[in-house]
Amino acid sequence: MTTTGPAPRASHPARPGVPAEQAGAAGSEPRRWVRPRYLHPGAWWLWALGLAVAATRTTNPVLLLLLIAAAGLVVMARRPSAPWATSFRLYLILGAVVVAIRVLFRIVFAGEGTTVLLSLPTLDLGGLVPGLRLLGPVSAEAVLGGAYDGLRLATMLVCVGAANSLADPRRLLAAVPSALYELGTVLVVSVTVFPQLAESLRRVRRARALRAGPRRGRRTLRGIVIPVLTDALDRSLLLAAAMDSRGYGRRGPVPVRTARVTSALLLVGVLALCVGVYAVLDGGIPAAVGTGAIVGGLLVGALGFGVAGRRVRRTRYRPDPWRVRETLVAACGLGVGGILIALAEYAPAPLYPAVAPPALPQLTPLLLAAVVLAALPALLAPPLPPAGAGR
């Protein structure tokens, strides 16, 4: 009598286009860190805020343009196919407008400088406002200073636009801690206004393209601007109404004693943070005092947030996980910010090119490494799932 063991498990047939020797490996479940999925929205915002902090530490135009290019590369590589993800171009246009306005202000208010580019008639308003003079000689130093400052602000706007184009606002709201849920609801509604403007502009222009009539002129502009603003406002109100009907921002019953304890903890935490920051900035106070106050304020504030989070009753459906790729993407942005903060403290020369007299901007190997680090999320972020697929 022969005994037979369990029947062997049938092997899966090889998939079309996959070699037979790879069929076994392909049949198993792929690793999670290479599976197509949407990145956690918090990782995108940390990356973008790190780049924005880096932009505040320099006026080097070449470095700022490279940071804008890095942000644009990441957006082009990892932007989902959603209506709210089409606003990056508008942020670029807004940044260009900011640069032009800053340069125009320097020209109108007669900036100082010795290298005169253009001589304009001078309008002296000393009789109305002492010391105020409009127009006059336009110097290269004033134009460069305005362009550098405007480009720095434009880079910060582009970084925020990159985060808006990469992070789903609804998933971002779902990831907000319970204690900050009401504030998060307000912020999400506010930051979605600009993407909704972009979506409304695209739909209005597409509708006008299907109609006969003039394509240019004041009447055409009025026919585009008014419908776009009206539609964007209506969509924002609809979003707020939909969130309110689903219980966003609602509070559960909280005892008076718990509410008072929460308020006291948050107030003490904020005061301790203020004292700690003042002690760190003031060189006459020992560093240990400032550091201790900051750490204590963070601990007390975290305790207050934990108690405050109990007031919000929330349910989470399929919360976004935080995995290795999220950590790497966030570390890239924060690393860029940390590099430029350190350079601004110990080696600030290449970060602030001279404008009087004008000097050519310089890039060091460390600055180039920071730019490469800023663009790495284009490769580190997981590939996007197909359009219409779930998370």
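Cβ coordinates come from backbone N, Cα and C, glycine included.
Predicted, not measured: the structure shown is a model, and the values here were computed from it.
Quick look at what TrEMBL lists:
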- 1-28: region 'Disordered' (REGION)
- 61-78: transmembrane segment (TRANSMEM)
- 90-109: transmembrane segment (TRANSMEM)
- 179-198: transmembrane segment (TRANSMEM)
- 261-281: transmembrane segment (TRANSMEM)
- 287-308: transmembrane segment (TRANSMEM)
- 328-347: transmembrane segment (TRANSMEM)
- 359-381: transmembrane segment (TRANSMEM)
Candidates 61-78, 261-281, 287-308; stretch with most C-beta pairs under 8 Å toward the transmembrane segment (359-381): 61-78
Intrachain residues whose Cβ lies under 8 Å of the transmembrane segment (61-78), provided they are six or more past its termini: 39, 47-48, 51, 54-55, 88, 92, 95, 147-148, 151-152, 154-155, 158-159, 162, 165-166, 336, 351, 353, 361, 363, 367, 371, 374-375, 377-379, 381, 384
